[in-house]
Amino acid sequence: MIRIASLFFVVFGCPTLSLAQVNPSLIQAGIDAFNAYTLSDAQVADYSRQAVQQMDAKNSVAGPNDPYTQRLNTIVVRHHKVSGLPINYKVYKVADVNAFATADGSVRVFKGLMDVMTDNELLAIMGHEIGHVINHDSRDAMKSALKRSAVRNAVASNSGTLGKLSRSQLGGVADYMLGASFSRRQETEADDYSYDFLKRNGYNVMALATSFEKLAKLSGGGQGGRVAAIISTHPDSKSRADRVRDRARRDGLAR
Ligand SMILES: [Zn+2]
């Protein structure tokens, strides 16, 4: 997950309900009901889709004739299906250096990221984010987001199922989903997925290394607030870039 610290406020505004306002017995009922209820992958994808729809409604989405949309469409023209998963792409005309992908196959790329990355570097970053989806990291993060929302709002306490979520509940779910930080292993595997994606499609795999290096450099170059959290959710940019370079050298793809 690549994100910036201010995203929550950009997208969702302030949280309206805190744990302290929820009756503890309702919270326990929510936990019990949620734990008793098995979410299918299709249901998780559906909740992800709803959360992304809400984010799309709250952000400035670039229109079909917008130069940013046209550039993104050109970059992903061969990749509307990745590893069998249909992907829908949109640009948020937001200055933050950010991108994310969700379990339903939605990829959102921010204008700020497009302004600083080459086409290949954007593919490398989208490949990494899609890797989290294909590896089911995004699904698992969404499940835990739903669980936390169920706990916070006790939404599952009555019927033992998660029905249609209200706007504020969806906002809470999307917040937790975006705030999810993946383990080091998950990040390494998403890097590997992106590397393989670039390699099998004939792109320069070095773009994965240079995108990390660029993010690291940007964070130290005065754009602090806009990119700092990318580094905090993706630590060790330097060693990850080195790992990509090593692999490319072994594959004879370092150029
Ligand atoms: Zn990641």
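Keep in mind that glycine also has a Cβ here, set from the backbone N, Cα and C atoms.
Note on the compositional bias 'Basic and acidic residues' (235-255): residues 187-188, 191, 195, 199, 204-206, 208-210, 212-213, 215-216 of its chain, located 6 or more positions outside it, place their CB under 8 angstroms from a CB of the stretch. According to TrEMBL, the feature compositional bias 'Basic and acidic residues' maps to 235-255.
For 73-247, the entry in TrEMBL reads domain 'Peptidase M48'.
Annotated region 'Disordered' per TrEMBL: 234-255, in sequence order.
Sequence annotations record features per position, and here TrEMBL assigns signal peptide to 1-20.
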Integer mean pLDDT for the domain 'Peptidase M48' (73-247): 83
